[in-house]
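Here's the structure we're looking at; comments come further down.
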Amino acid sequence: MRSDMIKKGDHQAPARSLLHATGALKSPTDMNKPFVAICNSYIDIVPGHVHLRELADIAKEAIREAGAIPFEFNTIGVDDGIAMGHIGMRYSLPSREIIADAAETVINAHWFDGVFYIPNCDKITPGMILAAMRTNVPAIFCSGGPMKAGLSAHGKALTLSSMFEAVGAFKEGSISKEEFLDMEQNACPTCGSCAGMFTANSMNCLMEVLGLTLPYNGTALAVSDQRREMIRQAAFKLVENIKNDLKPRDIVTREAIDDAFALDMAMGGSTNTVLHTLAIANEAGIDYDLERINAIAKRTPYLSKIAPSSSYSMHDVHEAGGVPAIINELMKKDGTLHPDRITVTGKTLRENNEGKEIKNFDVIHPLDAPYDAQGGLSILFGNIAPKGAVIKVGGVDPSIKTFTGKAICFNSHDEAVEAIDNRTVRAGHVVVIRYEGPKGGPGMPEMLAPTSSIVGRGLGKDVALITDGRFSGATRGIAVGHISPEAASGGPIALIEDGDEITIDLTNRTLNVNQPEDVLARRRESLTPFKAKVKTGYLARYTALVTSANTGGVMQVPENLI
């Protein structure tokens, strides 16, 4: 066992003394059992994580019952909804790297035999997956689960995205103060990750098809008995996998990454999943080309349209059969998935999900009646984004296949929000928000406030937004993000000027500014070099080391420094 490194031999008597002092070892024979880390992310200010202490206690009990010794540690967490629209959002994506580094540190410093990961929200889930790929110790994931959808006084289904869009609607005068306050009080009724197909739930669903969780991980409610039983069963399975030496990199292969993107397409997941899944591939040692994602989109039908793209919540998806029903449906179309891959259950993806039929065809469409024949995400290329950009086509009105408009440029999120709120932004505009990428932001903040304000003001079909920043999973509308290279790295988005004509072509997956190359070349000659906005602390180090969105926004040490 790995843990023998800290508990076997006379020279480790001091370490054994310290281990006895923890109270986790009930008898001398416990030294012969596997040591299992519980990597938790309990935190009081994140509603998706307030219940994770209870779930960790269930995991501990089950791990002991299975014949191993549990040791819990915690990571940090950032609530993107609370951190939105101010300096806190600069820390959201960078927190993913802190989580990965912290988990790696504890796991490797103490030579654990296996790890039980309990994530739930936004950057915590991918951060823990990065740690699992990096340490490659037998592991299993069981997230905290989604919250129930809210309900307004008028019986309207609510999610957090409803609340963000309500801000724009209230400013526009289209809803009353009473309606606004009612929504605020009822949009998030329970603990759990926000109820729609936002980043947290997107990643928790993708973990199912990656093979890192038990079935229904992505949709079973946080407050359900099923969630608690899932924790128990996952703990038993982890101890079994430790004995069988089944490791994360045995499970997360290139084919698994393909299948994660296929499920993402079928469910119209958050654009952030592209960023995180590319980072996971990078950590697993898999060289993954963005062009591959478009090929997957072309062969994968869009089967389940979930909030913010519809009124359906994650609980509705669960009641309709959950992720297993979607996987089962996709397996019926040859070449869409790689179903004979091994998963943490010890069974293949096919064995886990075969026969799990759709229970509600309104929520999950069958193969012969999809929302669209192609997936809900697209990678765009062109002279604005030579290394790619991402759009959630499932969140765009189906009538829009191309959009051409006049650029109105902003060098920060806050400038853009002010212009939208004071009606400087009008129908026919393409809002360009730049210097908000991983390096430029720094931290690649989410542009939920401007996109929500555009939709809330009734301009969702008349105004587009493009950015080297990213979006919340709650974003909908004509919103193109992750433009690479970013402006701070000299990307072409920095060369756009007010009034330039920009075309977003969803059919051909292109993003172009309609200016001759010689004009863009002259503009580049006069471009002012980017200077880092933050000079001290973690964000300064992050700015120095982070890569562009097309590589997952991971941190890499330059070769000349190694």
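The backbone N, Cα and C atoms fix where each Cβ goes, and this holds for glycine too.
The following features are taken from Swiss-Prot:
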ACT_SITE  S472  active site, proton acceptor
BINDING   D80, D122, K123, E446  Mg(2+) binding site
BINDING   C121, C194  [2Fe-2S] cluster binding site
MOD_RES   K123  N6-carboxylysine
Tell me whether D80 (Mg(2+) binding site) sits in a helix, a strand or coil according to DSSP.
helix
Taking the center of the Cβ atoms of D80, D122, K123, E446 at the recorded Mg(2+) site, which other residues in this chain have a Cβ no more than 8 Å from that point?
V78, D79, A83, M89, S92, L93, C121, T199, N272, S472
Hey, how far is D80 (Mg(2+) binding site) from the residue listed as 'active site, proton acceptor', Cα to Cα, in Å?
8
Compute the C-alpha separation of D122 (Mg(2+) binding site) from C194 ([2Fe-2S] cluster binding site), stating it in Å without decimals.
10
Going by a 10 angstroms cut-off between Cβ atoms, which of the binding-site residues C121, C194 has the sparsest surroundings?
C121
Return the single residue from the binding-site residues list (D80, D122, E446) that has the minimum number of other CB atoms within 10 Å.
D80
Closest to C194 ([2Fe-2S] cluster binding site): which of the recorded positions K123, E446, S472, going by Cα position?
S472
In whole Å, how far is E446 (Mg(2+) binding site) from C121 ([2Fe-2S] cluster binding site) when you measure between their Cα atoms?
15
Is E446 (Mg(2+) binding site) helix, strand or coil when read with DSSP?
strand
Could you tell me which three-state DSSP class K123 (Mg(2+) binding site) falls into?
coil
